[in-house]
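Heads up: the structure comes next, in structure tokens.
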Amino acid sequence: MDLALRVALCLSMLALCLAMPKEKQVRWCVKSKSELNKCRDLVNTCKNKEITLSCVEKPNTDECLTAIQEDRADAICVDGGDVYKGSLQPYNLKPIMAENYGSQTETDTCYYAVAVVKKSSTFTFDELKDKRSCHTGIGKTAGWNIIIGLLLEKKLLSWGGPDTESLEKAVSRFFKASCVPGAKEPNLCQQCAGKKEHKCSRSNNEPYYNYAGAFKCLQDDKGDVAFVKQSTVPEAFHKDYELLCPDNTRKPIKDYKKCNLAKVPAHAVLTRSRDDKTKDIIAFLQEAQKECKLFSSQYGKDLIFKNSAVSLIPLPPSMDGFLFLGADYSNAIQALKEGVKEDEVPAAETKVRWCTQSKAEKNKCDDWTTISGGAIECTEAASAEDCIVQILKGDADAVTLDGGYMYTAGQCGLVPVMGEYYDQDDLTPCQRRSSGTKGVYYAVAIAKKGTKVSWSNLRGVKTCHTAVGRTAGWNIPVGLITNETKNCDFASYVGQSCAPGSDVKSKLCALCIGDPEKRLESSKKCSPSASEAYYGYSGAFRCLVEKGQVAFAKHTTVFENTDGKNPAGWAKDLKSGDFELLCPDGSRAPVTDYKSCNLAEVPAHAVVTLPEKRTFVAEIVVNQQSLYGRKGFQKDIFQMFESTGGKDLLFKDSTQCLLEIPKKTTMQEFLGDKYHTAVTSLNKCSTTKSGLLASCTFHSC
């Protein structure tokens with residue numbers, strides 16, 4: 001064979017190799033020989049035509065997290081404490097699937113942390129000091145975070161914080177002797193049963209590790225109490241053991257719902273946040289749980305997955321460790337790391353960190369900061385939902401939201417503080433800090449005069465929306481259309497649209513234009529922010545003027561952008577008389593007839609915050625309004641309800657004042673049952689449910 005032929009043959013083989021699809025592989029990290037044996041069994045029994053499983057053994061969870069972060073492994077299933085740790089630097093991992101402890105039809109992604117004792121003992125919860133204790137592992141949810149947090153909260157355990165001593169040292173003084181796999185304090189490893197280097201290791205190489213191990217520690221009389229989950233004690237042993245309740249009573253094992261330390265999030269599968277293997281891991285596990293024994297093993301209990309799991313459920317793509325665990329549990333873990341000094345009085349908060357959603361909002365907020373004397377500080381976010389997350393994580397304190405986003409905020413745990421009020425013909429409510437009067441506005445459908453579009457013939461029409469999830473621009477019109485058509489696929493009903501927040505490749509983004517002038521640092525077509533020129537009320541109206549056939553906005557939108565009110569090039573020559581409203585009965589009406597021709601009367605925008613910050617935020621905002629509101633003493637210096645360089649910045653420009661919402665008002669009460677129910681129904685259409693809402697409502701621990 002001559003050289004040329006051999007070269008040609010080699011090149012052909014190389015091309016063939018390159019053309020062949022690369023084999024997909026999921027590398028599972030295991031922490032002991034027993035887990036490795038189970039993993040190898042799964043390799044042999046879980047056959048997937050496209051994805052193969054392999055096993056990577058590491059001595060403990062921390063090294064598994066490192067291996068995944070460094071791309072030497074892909075996944076591991078861990079408890080909430082390790083979900084928290086894995087979500088932090090340097091790991092930056094995220095949960096992608098959760099264990100389900102319910103059934104295939106009635107899912108349950110939570111479990112109960114409990115304290116188990118022998119019936120023959122007599123001590124109460126408040127008498128735990130100087131008892132011998134058995135724990136699942138250091139930093140684990142049921143076995144450490146929950147019980148230690150509760151002991152600190154009840155002031156049974158004294159700890160001056162990490163500046164004085166480690167939490168482990170304080171706990172080692174509290175209990176007489178313990179087995180806490182993974183601990184460094186000798187007294188916390190004294191009762192462990194591992195041999196040589198495996199003694200007290202945070203893996204199944206330590207016999208007393210995890211739930212079954214902690215219970216065995218109690219069974220072997222190495223401890224007086226075991227901190228585990230509700231399903232740890234086999235039914236055959238229920239007659240010999242009972243639960244220790246925080247109220248100093250005892251109850252049978254079966255009464256765990258009435259006697260527990262906390263209800264906590266399920267174990268979850270972690271992988272890298274950059275999503276390079278997420279789809280493969282989910283696809284493999286979804287098929288494997290049908291064909292293989294993922295949740296049991298001949299080699300021991302709770303190996304790789306908990307035996308009590310019945311399935312694995314994919315998490316919403318926007319889920320992260322904080323959202324999965326919830327603010328209360330995440331903050332509780334943080335408190336265990338930072339400590340709370342006895343008799344310490346928290347420093348008084350003196351400033352509200354306001355979340356801004358665009359460069360124009362940030363500019364206005366910066367001006368506000370300058371003249372507020374330090375009462376206002378500004379944070380930056382890309383969208384309303386990002387602001388909600390900032391507040392949940394403690395990175396911001398407040399933001400003003402539309403009713404649709406308020407619904408999401410409420411489902412995520414935020415509360416309404418101050419509501420916008422718009423009626424300039426009746427300013428009586430503005431004379432009081434709080435009023436029984438609630439601000440409202442009207443959701444309307446706007447069309448150009450002379451066109452043939454009506455509410456009755458919207459099929460195939462080009463539509464313009466403020467953003468997905470917003471009240472007037474999405475929830476009301478799409479909810480009404482969905483109810484009328486009995487079809488969740490709104491995109492298939494109308495023609496092309498601009499609905500910021502939709503998939504940029506979908507019909508719902510076809511009319512969007514991003515930022516045509518490229519004035520902003522980041523121009524993202526169809527982004528639910530000022531990065532998209534057709535975002536918001538004025539943006540949806542501009543979309544109608546330039547591309548669409550109907551715009552869904554509020555009743556004042558036409559007036560705010562016509563007859564010389566908006567100097568922007570696209571709006572400066574528009575006349576309000578050139579537009580009409582589409583009425584639900586199929587007729588049309590002048591834009592001035594919004595009270596009789598509208599899609600719905602809807603709740604005002606409002607300022608939201610965390611429940612524990614409600615009073616503080618209200619005090620600051622009320623004070624700022626007295627200075628810079630429409631009747632403020634220093635309104636000539638700064639106006640809270642006017643915008644330069646944009647529309648409706650921080651607050652709607654039509655706001656006359658902010659009214660304090662009565663304390664303990666829930667988000668549902670503020671929004672009203674009718675609107676709340678409408679949004680709840682709309683969100684049953686998976687195509688319309690936001691990623692953040694899906695994350696916040698995934699489980700109820």
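Cβ from N, Cα, C; glycine included.
In the three-state DSSP reading, Tyr111 (Fe(3+) 1 binding site) counts as strand. When Cβ atoms from all protein chains are considered, those within 10 Å of Tyr111 (Fe(3+) 1 binding site) total 29, not counting its own. If you look up Swiss-Prot, you'll see Asp79, Tyr111, Tyr211, His267 marked as Fe(3+) 1 binding site, on the strength of sequence analysis.
Under DSSP, Ala142 (hydrogencarbonate 1 binding site) is assigned to a helix (H, G or I) in the three-state scheme. Cβ neighbour count for Ala142 (hydrogencarbonate 1 binding site): 31 (other Cβ atoms within 10 Å of its Cβ, all protein chains included). What Swiss-Prot records for Thr136, Lys140, Ala142, Gly143 is hydrogencarbonate 1 binding site.
According to DSSP, Ala472 (hydrogencarbonate 2 binding site) sits within a helical segment. Swiss-Prot lists Thr466, Arg470, Ala472, Gly473 with the feature hydrogencarbonate 2 binding site.
Sequence-distant contacts (6 or more apart, same chain, Cβ under 8 Å) of Cys29 (disulfide bond) comprise Val56, Glu57, Lys58, Cys64, Ala67, Ile68, Ala73, Asp74, Ala75, Ile76. As annotated by Swiss-Prot, disulfide bond applies to Cys29-Cys64 (among others), with the evidence given as sequence analysis.
Swiss-Prot lists Cys134-Cys217 (among others) with the feature disulfide bond. All protein chains included, Cys134 (disulfide bond) registers 29 other Cβ atoms within 10 Å of its own Cβ.
Sequence-distant neighbours of Cys179 (disulfide bond) (same chain, 6+ residues apart, CB-CB distance under 8 A): Ser133, Cys134, His135, Leu188, Cys189, Gln190, Gln191, Cys192, Ala193, Cys200, Glu206, Tyr208, Ala214, Cys217, Lys222, Gly223. Secondary structure from DSSP puts Cys179 (disulfide bond) in a beta strand. Sequence annotations record features per position, and here Swiss-Prot assigns disulfide bond to Cys179-Cys192 (among others).
Summarising the annotation, Swiss-Prot assigns disulfide bond to Cys245-Cys259 (among others) and lists sequence analysis as the type of evidence. Annotation note: Cys245 (disulfide bond) sits in a coil segment as assigned by DSSP.
Positions annotated as disulfide bond by Swiss-Prot, on the basis of sequence analysis: Cys355-Cys387 (among others). Within 10 Å of the C-beta of Cys387 (disulfide bond) we count 26 further C-beta atoms, all protein chains included.
For Cys365-Cys378 (among others), the entry in Swiss-Prot reads disulfide bond. DSSP assigns Cys378 (disulfide bond) to a strand in the three-state reduction.
All chains included, 25 other C-beta atoms sit within 10 angstroms of the C-beta of Cys696 (disulfide bond). The annotation disulfide bond is assigned in Swiss-Prot to Cys412-Cys696 (among others).
Around Cys657 (disulfide bond), the same-chain residues six or more apart in sequence whose CB sits under 8 Å from its CB are Tyr421, Leu427, Pro429, Cys430, Gln625, Gly629, Arg630, Lys631, listed in sequence order. Annotation comment: Swiss-Prot describes Cys430-Cys657 (among others) as disulfide bond.
If you look up Swiss-Prot, you'll see Cys464-Cys543 (among others) marked as disulfide bond, on the strength of sequence analysis. Around Cys464 (disulfide bond), the same-chain residues six or more apart in sequence whose CB sits under 8 Å from its CB are Ser497, Cys498, Leu511, Tyr534, Ala540, Phe541, Cys543, Leu544, Lys547, Gly548, Val550, Ala551, Phe552, listed in sequence order.
The disulfide bond annotation in Swiss-Prot covers Cys498-Cys512 (among others).
Taken from Swiss-Prot, the feature disulfide bond applies to Cys509-Cys526 (among others), supported by sequence analysis. Listed in sequence order, Cys498, Ala499, Pro500, Gly501, Ser502, Val504, Leu508, Cys509, Cys512, Gly514, Glu532 are the same-chain residues six or more apart from Cys526 (disulfide bond) with CB atoms under 8 A from its CB.
According to its DSSP assignment, Cys583 (disulfide bond) is coil. Residues or ranges marked as disulfide bond by Swiss-Prot: Cys583-Cys597 (among others).
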Recorded positions listed as Tyr211, Ala472, Cys498, least Cβ neighbours within 10 Å: Tyr211
Spatial neighbours of Lys140 (hydrogencarbonate 1 binding site), counting only the recorded positions Asp79, Cys259, Cys365, Thr466, Cys696 and Cα distances within 10 Å: Asp79
Closest of Thr136, Ala142, Tyr211, Cys355, Cys378 to Gly473 (hydrogencarbonate 2 binding site), Cα positions, recorded positions only: Cys355
Surrounding CB atoms that lie within 10 Å of the CB of Cys259 (disulfide bond), all protein chains: 23
Nearest of the binding-site residues (Asp79, Tyr111, His267, Ala472) to Cys245 (disulfide bond) - Cα to Cα: Tyr111
Neighbourhood of Gly143 (hydrogencarbonate 1 binding site) by C-beta distance under 8 A, where only residues 6 or more apart in the same chain count: His135, Thr136, Gly137, Val180, Tyr211, Ala214, Phe227, Val228
CB within-chain contacts under 8 A for Cys365 (disulfide bond), separation at least 6: Trp354, Thr356, Ile376, Cys378, Leu650
His267 (Fe(3+) 1 binding site) - helix vs strand vs coil (DSSP): coil
